[in-house]
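As annotated by TrEMBL, domain 'ABC transmembrane type-1' applies to 47-301. If you look up TrEMBL, you'll see 332-567 marked as domain 'ABC transporter'. The transmembrane segment annotation in TrEMBL covers 55-72, 133-154, 160-183, 254-278.
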Amino acid sequence: MHRLIEGLRQVVGIADTRSPRLWCGLGLRVLERACAIAPFFLGFVWLQGGTTASLLWLTLGLLGLLAAQLVCSHFGQLNSFLGGYELMHGYRQQLLDHVARLPLGALRQERIGQLGERLTEDVKRIETIFTHVLGELLAALTVPLLFMLVLVWVDWRLTLALLVTLPLAFVLLNRLSGFFLAAARRKQHSFMQAAGLLVEFIAGLRTLRLFNRAGAWRGRLDQQFSEIERHSLGVEVWGGSAIQLYRLCVDISLVLLLLTAGLLANAGQLPVLTWMLFALVAPRLLDPLLDVAAYLSELRGLAQAQGRLQLLLDMPTVEEPLQPVTVQGHDVRFCDVSLRYPEQPEWALRGLNFSVEPGQMLAIVGPSGAGKSSLLHLLARFHDPQQGRIELGGVDVRDMRLEQLYGACSFVFQDVQLFDASVLDNVRLGKPEASLAQVMYVCGQAGCDAFIQRLPQGYDTPIGENGQRLSGGERQRLSIARALLKDAPILLLDEATASVDPLAQYEIQRALSRLAKGRTLIMVAHRLRTVRHADVILVLDQGRIVERGRHAPLLAQGGLYAELWQQQVG
Ligand code: ADP
């Protein structure tokens, strides 16, 4: 119970919106329930000795309660819905703000399907609690208990019979729900795994089919779905039995009421009116209590969903200063930089020291897994190093606002990200205010113009989700056009090698040469031919710089660079 209240409190705290509408709505829902039961008590009081003259007052009173019930029901529902949505709007905004400020590296590690599931399904679960369940639960708990207090005044013995099993019912529900919770957690976990797998399966279907692995993946998916089935059964068993036992205890109180009434009637101690009141009111007080079990299990869903979202909210965001700092120039400097990925025993990069002057070309080469991409990603703040500092124009990148950093750097990475929009909009991402003529100019420079003109609607052609309708080489060139349009002084480049044919490679190379002109270029080079003219070549191995210099001296040195050159060029 404590956890449930804590979960609710956390959501309200995170949403950071005072939502008087919601509280007003919840209050009205309670009043509505009270108005539905109050007429029985009013009638009871009148029957105790009311006169024909006071019948008019009774009628007016009953009509008043009916009207109040209608009004409370309408405004209670309206306000709890609107208030709940208001609150969840604030909660969603905080969540999205947080996700937007997560380091890009952390986002890459998350399974996109799981993240999507959390941000949609979990938030929806919490929303339903505030818009529907909370009002019902509050009314179901408070109104019966309140009227039971009045019943004590009418006949304490009958009330005791009605109340006596309730504590036991709540204790049972609470205890058994521990098992239910564990089963629900297992079910949710396997559900999230399946969602993640499913997204990966669909996104990678082309590759899986080409490698004839689609069947094997189907097998993995089927296995995951069987897990869900198994865990769902556990939830039904524990959830079902907890709820049945609870309901049994609540129902037993009706039997006890009957027994006590029988004993009292036999002893001549039960006035007819009192029995009438209890007989009419008891089911109305117990029915909502029966529903409490279902509401509580929904609330537990909230606690779990909030727990999962809290894990997301606890992920540290990229720290940025409030004010932009003054950056002097565009030289890049790595000072004793070391990086270790979370939960990895080995350092991915160790004690890197180098600098690149404005307009220079720095190439990073080395065997696979040496740390080349990690180095580039550090400059883009996908991650922050655990040791050392990275300076741009004499300022630590951690002291720069992200828009300053990303304003100074363009990125052309292997995994080009395109959006389900027109070609024009995708290139304009580099500079939203660019005119069509400017976009066409950079596309010409990047060698995209010809293939764009061949598309059915030219620059207005939608390119599908992540540019599915384009080839690998075309996607690369679009991302180069985007970087050209952005016109930032520093260019970070992860050379594309995969998925493009030699002609496309040649065209990409030409586009890149245009893009690199006059800019500081830091590139990860997989093909050593492209780095022959670099001002500095860093040779990385196991996270360390093992050689540095220009092409010819490095070759003459006969070290790792020479070895890699031999392997590639022969
Ligand atoms: P390269 O680009 O030279 O192939 P990377 O920079 O991709 O090398 O990887 C360097 C090392 O860091 C590798 O051992 C790799 O497994 C590890 N690594 C890279 N990215 C991550 C990550 N996001 N989480 C954990 N380890 C990673």
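A Cβ is built for glycine as well, from the same backbone N, Cα and C atoms used for every other residue.
These numbers come from a predicted model, not from an experiment.
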Looking only at residues six or more beyond either end of the transmembrane segment (133-154), which have a C-beta under 8 A from one in the stretch?
8, 25-26, 29-30, 32-34, 37, 41, 44, 76-77, 80, 84, 162-163, 274, 277-278, 281, 285-286, 288-289, 291-292, 295-296, 298-299
Positions whose Cβ lies under 8 angstroms from the transmembrane segment (254-278), at least six residues beyond its ends:
40-41, 44, 47-48, 151, 154-155, 157-158, 160-162, 164-165, 286
Across the domain 'ABC transporter' (332-567), what does the mean pLDDT come to, as a whole number?
85
